[in-house]
Amino acid sequence: MNVPSSAERWRSAMLYAWVSAGSVVGGLTRYLVGLALDTGPGFPFATLFINATGSLIIGFYATLTGPDGRMLARPEHRQFVMTGFCGGYTTFSAFSLETFRLFHGGMKYIALAYVASSVVCWLVSVWLGHIMASRYNRLKRS
């Protein structure tokens, strides 16, 4: 049986704390952005925007701090941003509920447009984040 040392347990606890803190910040940010962009019934622009910007952030940060990235980030900082913040900020569950409500409310074409535009927007956002960070990574360091 391999028992983790107290240092390993401390590192694990700190990583959990970083992810938790990122989740809190991401969740609060999502709530505030959702309030600011709430357009009422119909097409859920706030959730589309939140998931698109979250995809942009994770694509940018993953590339910026990846093996070929310009920025060296500690594992706990990557987990804070990518797992914690982006996980707390983006919301597939809200997307699912909004899509269900649109279908259930008889707005089938709006629901289909929402699903299609969301998937395209998220993928384009991750790609744009990656491209932006890749270009930044190639800049001369000062």
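Heads up, the Cβ atoms here are built off N, Cα and C, so glycines get one too.
Under the heading transmembrane segment, Swiss-Prot lists 17-37 (among others), citing sequence analysis as support.
Feature annotation from Swiss-Prot assigns transmembrane segment to 42-62 (among others). Beyond its flanks by at least six residues, the transmembrane segment (42-62) meets 26, 30, 33-34, 36, 78, 81-82, 85-86, 89-92, 94-95, 98, 107, 110, 113-114, 117-118, 121-130, 132-133 of its own chain at Cβ-Cβ distances under 8 Å.
What Swiss-Prot records for 80-100 (among others) is transmembrane segment. When Cβ-Cβ distances below 8 Å are used as the criterion, the transmembrane segment (80-100) is approached by residues 18-27, 29-30, 44, 47, 50-51, 53-55, 57-58, 61-62, 73, 111, 114-115, 118 of the same chain, each at least six residues removed from its ends.
The DSSP secondary structure for Gly87 (Na(+) binding site) is helix. All protein chains considered, the CB of Gly87 (Na(+) binding site) has 18 other CB atoms within 10 Å. Residues or ranges marked as Na(+) binding site by Swiss-Prot on the basis of sequence analysis: Gly87, Thr90.
Residues annotated as transmembrane segment in Swiss-Prot: 109-129 (among others). Residues 42-44, 48, 51-63, 95, 98-99, 102-103 of the same chain lie 6+ residues outside the transmembrane segment (109-129) yet bring a C-beta within less than 8 angstroms of a C-beta in it.
The Cβ of Thr90 (Na(+) binding site) lies under 8 Å from the Cβ of Gly26, Arg30, Ile50, Asn51, Gly54, Ser55, each on the same chain and at least six residues away in sequence.
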